[in-house]
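J.: Dumping what Swiss-Prot says about this protein:
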- Asn22: N-linked glycosylation site (CARBOHYD)
- Asn52: N-linked glycosylation site (CARBOHYD)
- Asn72: N-linked glycosylation site (CARBOHYD)
- Asn174: N-linked glycosylation site (CARBOHYD)
- Asn206: N-linked glycosylation site (CARBOHYD)
- Asn266: N-linked glycosylation site (CARBOHYD)
- Asn290: N-linked glycosylation site (CARBOHYD)
- Asn347: N-linked glycosylation site (CARBOHYD)
- Asn360: N-linked glycosylation site (CARBOHYD)
- Asn449: N-linked glycosylation site (CARBOHYD)
- 1-451: topological domain 'Lumenal' (TOPO_DOM)
- 473-481: topological domain 'Cytoplasmic' (TOPO_DOM)
- 452-472: transmembrane segment (TRANSMEM)
Amino acid sequence: MRQRTTIYNPYSSHDGIITNLNRTNFQLSSIPNHLFTIENKYTITTTTTQPNKSSLYSAIKELRIQTKFNNNESGIPIFSFHYEPGLNIYAVPQSNVDKLEFWQQVEQLIMELLGIKLSSQQWIANVNSFYYHDIQPQPLLNLKEGWKFNLHPKSNYDYIYNQDKIIIRELLTNVSEIEFNLESGIYKEIGLFLIDEKISTNDDLNLSGIRVILDEDSNTNNKEESIHKTMFHIKPRHRSFDDSTTITTTKIIPQGLHPILSTELNTTTIVIPTDFDVEECKFYYYLNLNKSLIFDQFQNIPIGSQLIINNGNKNLELPEYKINQWGNELLFEFEFDNDNDIPHHINLTVHSRYQLPQNNHSHSQISNVLNSLPNIFIGCNVKEGNLLDKSPFDTKRDVKIGGNYEIYFTEDTVFYHLQNSDNSGNSGSSTLLEINIPHGKTTFDRVNNITSLGLLIGVLMILYAISIRVFMSTTSKTKRD
C-alpha cells in the first residue's frame, strides 16, 4: 500500500516547522495562525492485497463516493475537493453484464462501505454513470484490517474503486501538529510545500519544499537520502477570486406551493477572470433538487440562462411518494461578454409535489424539505489545458466519473468558485435551504374510516332507493288487481 501525504504550509517559510526528522519518524508543528491543510492519498492494489474483491464485484467497472461534511473545506488553492456537500455516489457497470447482477453488487459494496441500503430505483443517470445524491454525509464505516489506517472522523473524503485498485483521498484542515512513523507494509511519501508567492500566479502555482520517504524496504541508512528537496509547478483546475469577500446569498421566497430559490450576487466583487491562460468564460448555476420539488423546464428557466442539464424524473404530475429517484440534477448557463452582463439576481421557481398527509396526530400542515444550496461558478476554457491533469492533485488523473458538474465540461476547463454566504437565512445552516410544503392534516386510519363510512352510506342509499322502487311497484300492481 502507498500513502502520499501532502502538507500545505500557508506561511512564507518552512523555518521552525519540522520538529523531528529521521528515517523512521517525521514530526511537524505549524506556525501560530498559519495552520496546515493536508491531503492524505492512499492507493491499494486490489489484485494483490484483496484478490477476492475483484471477483466479488466483477460487474462493477468503477464506483466513486465523494462525501463532504464541511462545505468550507474544499482544499483551495491546491487540493480538489470541490464537489457538493453531503453524499455523492457514482457507479459504472462493466460492458455486457447482467443489470440485476450489477445492481446487487453495487448495493452490497455500498452496504459494506457506508452501512446504507440503496436500491437501483433511487439512482438517476448522468452523462457517463449512474448518480446518487443525499444531503446527509456518510463516513466510511470501516476499512480492511490489512490496510493499517483509518480516516479521521468527519473528514471530507473521495473513495474510488475499480478492478485494479482502490484510491482514497481525505482532506484535513486547520491542523496544528502531525506525526508520521515508519510502518510495515506501507510506503509513505510525505511532502511539505508552500506556495512561492514571488513567482506564482493564479494559473501557475509554484510549490516549494521537501519530500520525505518512510519505507521499510529502503536500502539506505542515511537520513539525507530519504529527504528530497522539491520544487514544481501546477496549473490548478479549481481557482478562487483574488477578493475573498463572500459574494452570493441564497434564500427561499415563500410562495405557497411554488417557492422561489432566490440568489443575490454581489456583482461589485465578481469580474471576468483575467488569468493569463483564460480564453472564453461563461457563468453557471448548478443545483441538486430534492424529489419533493419539481422543476418545469418549459416555464421556469431563470432569466438570461439556458438549461444545459436536467437529469432525473421529469414527470410534473407524480406525487412525491410515487418518485423513487432521489431528485434532479440541474445546470444552467449564462453567457456574458463583460462584467456588466453578470446577473445581479438569479430566481429559480420550483413547484411542490403532492405530499402524503402526515400519518400522525400532529396539527402541522407543513412538510419541511431540506435542499442543497446552488453551486455558482464561472467556467473558462484555457490555453495549454493539457497541463491541468499533470498536477498530482488533479483527480481526473485517476477517474473520469464524479465531481458533480465537472463531467459536463471539457478537459481544458477551469472553475472559479463563488462562495455562499453563511448568512443565508437557512435555519442556521450555510449549506442547506429549508422549504416548507403545505399538505393535508389527518391520519391514514381516519381517511380509511371516512372512506369506508362513505361507501357504506352510499350502498345503503342505493339499497334504500331500490327497495322503495320495488315497494312502489308492488303497491301499484296490487291496486290494479
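Note that Cβ sites are derived from N, Cα and C of the backbone, with glycine treated the same way.
Note that the coordinates shown come from a computational prediction; the quantities given were computed from them, not determined experimentally.
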J.: Which three-state DSSP class does Asn449 (N-linked glycosylation site) fall into?
T.: helix
J.: Nearest of the glycosylation sites to Asn174 (N-linked glycosylation site) by CA-CA distance, picking from Asn22, Asn206, Asn290, Asn347, Asn449?
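T.: The smallest Cα gap between Asn174 (N-linked glycosylation site) and any of the glycosylation sites is with Asn206.
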J.: Roughly how many angstrom lie between the C-alpha atoms of Asn266 (N-linked glycosylation site) and Asn449 (N-linked glycosylation site)?
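T.: Asn449 (N-linked glycosylation site) has its Cα 55 Å from the Cα of Asn266 (N-linked glycosylation site).
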J.: Quick one: Cα separation, Asn206 (N-linked glycosylation site) versus Asn22 (N-linked glycosylation site), in Å?
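T.: Answer for this pair: 27 Å between alpha carbons.
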J.: Limited to the topological domain 'Cytoplasmic' (473-481), I'd like the whole-number average of pLDDT.
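T.: Mean pLDDT for the topological domain 'Cytoplasmic' (473-481): 63.
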J.: What does DSSP call Asn266 (N-linked glycosylation site) in the simple three-state scheme?
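T.: Coil, per DSSP.
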J.: How far is it from Asn290 (N-linked glycosylation site) to Asn22 (N-linked glycosylation site), counting Cα to Cα, in Å?
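T.: Per the Cα atoms, Asn290 (N-linked glycosylation site) and Asn22 (N-linked glycosylation site) stand 52 Å apart.
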J.: Counting every protein chain present, what is the number of Cβ atoms, excluding its own, within 10 Å of the Cβ of Asn290 (N-linked glycosylation site)?
T.: 21
J.: Among the glycosylation sites Asn22, Asn174, point out the residue whose Cβ has the most other Cβ atoms within 10 Å, with all shown protein chains included in the count.
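T.: Most Cβ neighbours within 10 Å: Asn22.
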J.: Count the Cβ atoms, other than its own, that fall within 10 Å of the Cβ of Asn266 (N-linked glycosylation site), considering every protein chain shown.
T.: 15
